[in-house]
Amino acid sequence: IHPSVCGFRVVKFRRTGESSRSDEDGISGEHEVQIEGVRTELEPVELGDGAAVPKEFANPTDDTFMVEDAVEAIGFGKFQWKLSVITGLAWANAMEMMILSILAPQLHCEWRLPSWKVALLTSVVFVGMMSSSTLWGNISDQYGRKTGLKISVLWTLYYGILSGFAPIYSWILVLRGLVGFGIGGVPQSVTLYAEFLPMKARAKCILLIEVFWALGTVFEVLLAVVVMPTLGWRWLLILSALPLLLFAGLCFWLPESARYDVLSGNQEKALATLKRIATENGAPMPLGKLVVSRQEDRGKMRDLFTPHFRWTTLLLWFIWFSNAFSYYGLVLLTTELFQAGDVCSISSRRQEVKAKCSLTCEYLTEEDYTDLLWTTLSEFPGVLVTLWIIDRIGRKKTMALSFLVFSFCSLLLFLCVGRNVLTVLLFIARAFISGGFQAAYVYTPEVYPTATRALGLGTCSGMARVGALITPFIAQVMLESSVYLTLLVYSGCCLLAALASCFLPIETKGRGLQESSHKEWGQEMVGRGSHSPGESQE
């Protein structure tokens, strides 16, 4: 019997914006309200604060749903745990970066290379990364996240192994440059990963796969301790590709991003992917038809500079530049400061070094490997601190705080502190600058819409490599002239980056991923009860 016959009308609830499960799974209740009056049509109204559709009903009243609704309804489960491990293996390409600090002194001695050729081995990797980051982002937006990630990882794996067979310097220079070209696409693993994560778990999960980066650097040092004295640097290069080899074997399991499939017009494939995730997680699928707001072009550079995203893009480019500039600068400064003992002794030491022949070489000792290991371990506290604060104070404030702490520690290095205090300051500085880097990896995929998410992350990663290319001229060349001016440059850059973080027009904490670039940010992404309409562009 139709409700209108009984003198009542049924008001149908339709959720708007971000679709989230209730904070308390036990919440249940009726979602139909009987109101006196005779009207036959169903009127969509918004649920009040805290009145989310319970999990067991799985969105029963909506006749349509978006990928965001499905991801939130299905939640975090077995599928995401598998995805974490596989994307983490790609992220462990940190081994290919850490090997630079081990390979350079070895080749310096074995092949009697002058200092500028040794430095070029490091620079060529960053040149490769810088030149390819935007390209890989464009490929991921045009042809799929899985496609871009697989090609870049297989590229890196192939040329990484081939580097171990380089007969002469020119060969290894070209091959390491090609390795860098492939590494430029590995950050797209974050794009793929983020698009399968529910809102509440996104920040924590992206930060936790950053642990694979730290694990990769630690594993590389431990591997070098075992391999270098016995098998040599060629086997170290080959064995360092092991995580990427494991990824290559497991990547057949990876699905394409459902958000990408929907945006590219492949709704059936996206629906099949969502059903697969729901089955693996043991969760119900939302009822109704899967829809997308509109079809649009993907991977277009001009979309990064629309009125909605122009300032966000420019500020993010500077933030990523500052992150890499300061992070790699600190890595280079650490070696110099440890060898000198303190800032006050470094000038006299540099004068002694100038008098030495550029071909003078020293193999890495066990003590050097120990120092490398302790330095890389500082990234784990950085992850923990960022993990604790990012959902409490927000992404923007987390990045700003990280830059401010790094800047403050840099200024404290002006004091003639002892070795122990110097170690503590460098440890804190590296922990926070690495934490700021990780916060940027959380914020960037969240702020851009699906059509330009991979390109946005790719261009930001490219700007980071520009910072990594420039920083040796500050941390090594300028250091010879003035250690205080060098520290002032890093401190000043991070102060400006902290301001840039505060001026970002969008805070993504507590919001879903934006699907369309043709709507105001936050128009349909703000969670119920989280923000008022006027706060969508804070």
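Glycine residues also receive a Cβ, built from the backbone N, Cα and C atoms like all the rest.
Feature list (source: TrEMBL):
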- 82-509: domain 'Major facilitator superfamily (MFS) profile' (DOMAIN)
- 83-104: transmembrane segment (TRANSMEM)
- 116-139: transmembrane segment (TRANSMEM)
- 151-172: transmembrane segment (TRANSMEM)
- 206-227: transmembrane segment (TRANSMEM)
- 233-254: transmembrane segment (TRANSMEM)
- 308-328: transmembrane segment (TRANSMEM)
- 398-415: transmembrane segment (TRANSMEM)
- 421-443: transmembrane segment (TRANSMEM)
- 455-475: transmembrane segment (TRANSMEM)
- 487-506: transmembrane segment (TRANSMEM)
- 515-538: region 'Disordered' (REGION)
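It is 151-172 that, among the stretches 151-172, 308-328, 455-475, forms the most Cβ pairs under 8 Å with the transmembrane segment (233-254). The stretch from 116-139, 151-172, 308-328 with the most CB pairs below 8 A to the transmembrane segment (487-506) is 308-328.
Across all of the domain 'Major facilitator superfamily (MFS) profile' (82-509), the predicted model scores a mean pLDDT of 81.
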